[in-house]
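To keep things clear, I will list the structure first and then write my remarks on it.
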Amino acid sequence: MYAQHLRKWSLKTKKQLMPLILLIISYMLLLNTCVLSSSATTQQQQQQQQQQQHLPRLWEGSAEESSYYIPLSSDNGSGSSESSAESGSSSSRSSSNNIDNNILSRLLSLNSNSLSSRSNVKLKPATVFDAGSSTPAQQEQHVAAVPEQQQQQQQQQQSMQKVPNTLINSQIYNLLYNGMPSEAASSKMRRHIQPSQLPHQPESRAQLPSNYSSRPAVRSYLIESYEMPESMLEDRSPEQAARSRRDGSNTNGSRQQQRTGHRQQLQQDKRDHRRQRQDQQKEQRQQQQQRQHKSGNKHQQQQQQRRKHQRKHQRYNRYCSARDPAQLAFAAPTVFQGVFKSMSADRRVNFSATMKVEKVYKQQHDLQLPTLVRLQFALSNSSGECDIYRERLMPRGMLRSGNDLQQASDISYMMFVQQTNPGNFTILGQPMRVTHLVVEAVETAVSENYTQNAEVTKIFSKPSKAIIKHGKKLRIVCEVSGQPPPKVTWFKDEKSINRKRNIYQFKHHKRRSELIVRSFNSSSDAGRYECRAKNKASKAIAKRRIMIKASPVHFPTDRSASGIPCNFDYCFHNGTCRMIPDINEVYCRCPTEYFGNRCENKWPDSRYFVAIYGQIHTLNNDY
């Protein structure tokens, strides 16, 4: 509009007056700009005065304390000072003031030993300088005390110089998150964190020895076993014993209360126990596969030889009463020795054979044994029964192969049969080739003074009164006597455990039986075990009981004086490594400045920084 009026008026005036008119117009415009600038400066001065008046209200007693210096990085100081000079709007400063006030109110409300009250919090004025260009001597000069007049002058000068916003935010995050800004600050804040404040991260992991396990320490138990006397067991009536076996109830009330009270703990122990058994089974399968892979054809040849000569390759840790000549001779009504005279040509499935009786060791009273006996046999893939109590008289004798019987005059066999009529026989067990030991066992078994009732002579546990680790094996041995050799069955808490092959392992020998707990667990495997023995001499059952108690072993909690020095590098920052051999555990004794399992973390500094209103202050902890 000025230009339009000037153009219209210039057309009417003379050309000599034009320079004077332009000078007057420029002078008027200059006056308007001066008035606007003066009003802006007055507003800025008023805001600065309000800020200086507001500082003593928030923090009391700050002028009495000595000043501290805060080193700033050269990059942040230079770049942020230029940006602060360019941005000078009053709205941005007012919003930043509100944010800083909120942060300070949060700091005062923290529940800690160092920030519990305002008396412990001391705000100290500080001087801002460039850390990159200063020397240690210059830093010491800044730390010196400053008179009150010089402090006021420095505050006025610092108020004109604005601290970069990124530095303020980084120092506030440093205070809020206990001196560990890298864990809580955003990626934008991490760019302004000094490298010295970052937590130390080890470059490489120490190499542990081959015998060290990284898994947590295994629990251990003190095993105590004692045999229960018969007086403690005869108090119960037979009806109560039968009811407890049928219902599965536990007469020990304290144990039942303990189970109901710690049901969740028992379930967790059972899950751990099951998991350990599964891991052990996997390891056993892998070991078996490795052994089979190494053996190769040699293992296959051994298997073929065992199939052809089964009796020669029986397992030594297993006693089969159904293959004991004494057991068969005592159980069979008729026992004789003979040779095969003829056999069927086709012996693939079923065949018959004629035997000539050479010697009779035992015979039925009502029937006379003929000289030639016709017997029937059948082939079976199974090796037959191992328990004499499960062995039955069969019309056909079971054989693994037709080649097991040889037709020769110098090869005799011992037969255990029952004569149903003069021409028919049932066979007990398998034909047994005659040797000196077989003849001696049969002659002893058919004698009149052979029988002896079964008896349990001793029962004990291995180990006893010793420490066993969780998941290891526990053995319970039961020694028996009697003729014929007794059969042993195992019970736990009045319940049979003979079918629990996944939890227990049984090794039956001629005069003793071993119960092996595959993976011992105190909650499920501790209790009362019973060994019962019987034989065919009488119906009486001999029994003995043993109580297994497992008490958890507690190692000393003060590990500063326990353990032996490690022979490998495990701890960081000059930490001392110690090892406890009993539980295979490694721990570190850290210096005062570090903490953690391997001394990998550093304690935060006791000084915290607060940056607000263009100034940087220090918040100290009084310990």
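Cβ atoms here come from the backbone N, Cα and C positions, even for glycine.
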Which one, C478, C577, C588, is listed by Swiss-Prot as the other cysteine in the disulfide with C531? C478
Identify the disulfide partner of C566 as annotated in Swiss-Prot; candidates are C577, C588. C577
Disulfide partner of C588 per Swiss-Prot, picked from C386, C571, is C571
Where Swiss-Prot places region 'Disordered' among the ranges 184-214, 494-524: 184-214
The number of other Cβ atoms within 10 Å of the Cβ of C599 (disulfide bond), counted over all protein chains shown, is 23
Please give me the CB contact count at 10 A for N449 (N-linked glycosylation site), counting all chains in the structure. 7
Proximal but sequence-remote residues of the same chain as N350 (N-linked glycosylation site) (Cβ under 8 Å, at least 6 apart): Q376, F377, A378, L379, R396
Averaged pLDDT, computed only over the residues in the domain 'EGF-like' (561-599): 83
Please work out which residue of N381, N424, N521, N574 has the most C-beta neighbours within 10 angstroms of its C-beta, and give that one of the glycosylation sites. N521
DSSP-assigned states of the domain 'EGF-like' (561-599) in counts, ordered helix, strand, coil: 0 helix, 14 strand, 25 coil
If we take the Cα of C599 (disulfide bond) and draw a 10 Å sphere, the recorded positions of N424, C478, C571 inside it are C571
May I ask for the distance between C566 (disulfide bond) and C588 (disulfide bond), taken between their Cα atoms and rounded to an integer number of Å? 10
Starting from C577 (disulfide bond), work out which of the recorded positions listed here (N449, C478, C571, C588) have their Cα within 10 Å, and give them in sequence order. C571, C588
